Amino acid sequence: MSHAVRLPCDEAAIRSGPPAAVSEPSAGPWVLAATILGSSLAFIDGTVVSVALPAIAAEFGAVGADLQWVVEAYALFLSALLLVGGSLGDRFGRRRVYAIGIALFTLASIACGIAPSVQWLVVARAVQGVGGALLVPGSLALISASFDPIRRGRAIGTWSGFSGITTAIGPVLGGWLVSHSWRWAFFLNVPLAAIVLLLLPRVPESRNPKARGLDLLGASLATAGLGGLVFGLIESSRRGWADPAVVAGLAVGGAALAAFVAVEARSTSPMLPLALFRSPTFTGANALTLFLYGALACVFFFLPLDLIQVQGYSPLEAGAAMLPFIAVLFLLSRWSGGLVARFGPRLPLLVGPVVTAVGFLLLALPGIGGSYWGTFFPGVLVVGLGMAASIAPLTTAVMNAAGEESAGIASGVNNAVSRAAGLLAIALFGIVLAGTFGQDLERRVQVLPLSPSAREEILAERARLAAAEPPHALQAVQASSVRQAIDLAFVAGFRAIARASAALALIAAACAWIWIGRDDSSGARRM
């Protein structure tokens, strides 16, 4: 779900882009149509996949770690290769690289839709992430390079408005598709991508003659580092912390990330210029992004599982349950920009994450049953209010800290951080949910009038989380009690996740207090 939320520096990346290419004004509508539809692939895909997870679990008998990989395989390659994807477009042609990204994303979507196993699906999602790393920065760069400064403002408004519409449609459309088959969640991308590819010949090609060099070593180390950490964290819940593969994954991940920092510090064309972090505000804004977007991604990964598997919502109802969050973001975006103009970014970035934390705590309150309006709606709405107050000030803080000459790379770094935040948080908090669920389920099962063999059979299913099923040999009354124990155990796990996410949001506010607005005289402006 979080991938459907426009990230903090999307529009800033357009405004700070390279000089416009010489193109006929008549090409403008084709550029907008191609970039809006291309962006919608990523926006809608993020929403639809979250709602599809329970159906995927049911068809393949997937455990919780498998579902994490379905999301994380995509997020891993997207976050690690996002900056390189933008550099490839600058060097080899933005339209060409964008087209390759669309084509790769589409082929991977087809592979996802025909997946015969969860392992196949995970590999296809990884390829989809590579395609996303090419098309996401490409859509923004094409707008920036195809419109002169006078027309660029209107183009930004059009792109932003339609992006908001597609984001709002995504949850409901995704729920409707999943109610027929989760495979349509991926096949949906095919006709949209076909339209984009038909439009692209009318889009002018552009390059940046001063493009930065390609940091392939840095990209490889970032992928290996994030991948190793994510593998170790996710698989620890399935294999245990002492498993050699888990230990090796964590060790390789940590070593690769350390090597990544060393390489970036010495590289003449780093994908992550460490000099940007001389600015306290830039450092604080990215630390805030890491914690706030990590919390958001985590809650919205597990919330659809709670709604569908425990609360009994249909996929369509679960998708619609997210609409208040998206509507508040869309309707209050201009208002949050006014907050920056009046108070600067520091105050909104103190208040916004705190409000978001309150929303997460509200989401920790519901048990099983009850009206949506009295259970989940208040939390979803308040989280939307907190994020609406945070996004525009966060963009402003990043761009002001970097200065005009570094604004483009700064916005790219912040986008990559926001995506890596979700990647790591889902992997880490999956351990929290699995541990809480297992302990709570064991406690509840011990007091039920069951045979020792039945208890063992139930606890052997706990890796499936809320998708676990009571043993078939149980009587109806016993099976009902076990089903209730499973549901209550998942609620306990989700509550732990929501509270931990609230803690992350408060840490994000602390980052604003410590760093945002401090003296940047020695910061990135002098790069």
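The chain as shown is numbered from 1 upward.
Cβ atoms are placed via backbone N, Cα and C, with glycine included.
Not measured: the values here are computed from a predicted model.
What TrEMBL lists as transmembrane segment is 30-55 (among others). When Cβ-Cβ distances below 8 Å are used as the criterion, the transmembrane segment (30-55) is approached by residues 1-4, 6, 67, 70-71, 74, 98, 102, 105, 109, 128, 132, 135-136, 138-140, 142-143, 146-147, 155, 158-159, 162-163, 166-167, 169-171, 173-175, 177-178, 181-182, 185-186, 188-189, 192-193, 195-196, 199-200, 202-204, 300-301, 304-305, 308-309, 315, 318-319, 322, 467 of the same chain, each at least six residues removed from its ends.
TrEMBL lists 31-520 with the feature domain 'Major facilitator superfamily (MFS) profile'.
Sequence annotations record features per position, and here TrEMBL assigns transmembrane segment to 97-120 (among others).
Residues 10, 13-21, 23, 27-28, 31-32, 34-35, 38-39, 41-42, 45, 73-78, 80-86, 88-90, 94-95, 97-98, 100-109, 111-112, 155-156, 159, 203-204, 206, 412, 415 of the same chain, all 6+ positions outside the transmembrane segment (126-147), place their C-beta atoms under 8 angstroms from a C-beta of that stretch. TrEMBL lists 126-147 (among others) with the feature transmembrane segment.
Marked as transmembrane segment by TrEMBL: 159-178 (among others).
Annotation comment: TrEMBL describes 213-234 (among others) as transmembrane segment.
Taken from TrEMBL, the feature transmembrane segment covers 246-263 (among others). Within its own chain, the transmembrane segment (246-263) has Cβ neighbours under 8 Å at 215, 217-218, 221-222, 224-233, 235-236, 239-240, 270, 272, 274, counting only residues six or more beyond its boundaries.
Residues or ranges marked as transmembrane segment by TrEMBL: 284-303 (among others). If you look at the transmembrane segment (284-303), the same-chain residues 6 or more away from its ends with a CB under 8 A from one of its CBs are 1-3, 5, 7-8, 50, 68, 71, 277, 321-322, 349, 353, 356, 360, 363, 376, 383, 387, 390, 394, 397-398, 401, 413-414, 417-426, 429, 433, 493-494, 497-498, 500-502, 504-505, 507-509, 511-512, 514-516, 518.
Remote same-chain residues near the transmembrane segment (315-335) are listed as 1, 4-6, 47, 51-52, 54-55, 160, 164, 167-168, 170-176, 178-179, 300, 303-304, 307-308, 372, 376-377, 380-381, 383-385, 387-389, 391-392 (criterion: CB distance under 8 Å, separation of at least six residues from the stretch ends). The feature transmembrane segment is assigned by TrEMBL to 315-335 (among others).
If you look at the transmembrane segment (347-369), the same-chain residues 6 or more away from its ends with a CB under 8 A from one of its CBs are 285, 288, 291-292, 295-296, 299, 303, 310-311, 336, 339-340, 375-376, 378-390, 392-394, 397, 484, 487-488, 491, 494-495, 498-499, 501-503, 505-506, 508-509, 512-513, 516. According to TrEMBL, the feature transmembrane segment maps to 347-369 (among others).
Positions annotated as transmembrane segment by TrEMBL: 375-399 (among others). Same-chain residues lying 6 or more positions outside the transmembrane segment (375-399) and placing a CB less than 8 Å from one of its CB atoms are 5-6, 8-9, 11-12, 16, 281-282, 284-286, 288-289, 292, 296, 299, 303, 307, 321-322, 324-329, 332-333, 335-337, 339-340, 344-346, 348-349, 351-366, 407, 410-411, 414, 498, 505, 516.
Sequence annotations record features per position, and here TrEMBL assigns transmembrane segment to 420-438 (among others). Using a Cβ-Cβ cut-off under 8 Å and counting only residues 6 or more beyond its ends in the same chain, the transmembrane segment (420-438) has close neighbours at 2-3, 64-65, 68, 71-72, 75-76, 79-80, 226, 229-230, 233-234, 236-237, 289-298, 301-302, 459, 462-463, 465, 489-490, 492-494, 496-497, 500-501, 504.
Sequence annotations record features per position, and here TrEMBL assigns transmembrane segment to 496-516 (among others).
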Across the domain 'Major facilitator superfamily (MFS) profile' (31-520), the model's average pLDDT, rounded to a whole number, is 91
Near the transmembrane segment (213-234), which residues from the same chain, at least 6 beyond its ends, have a CB less than 8 A from one of its CBs?
65, 68-69, 72, 76-77, 79-81, 83-84, 87-88, 91, 245-257, 259-260, 263-264, 267-272, 420, 423-424, 427-428, 430-431
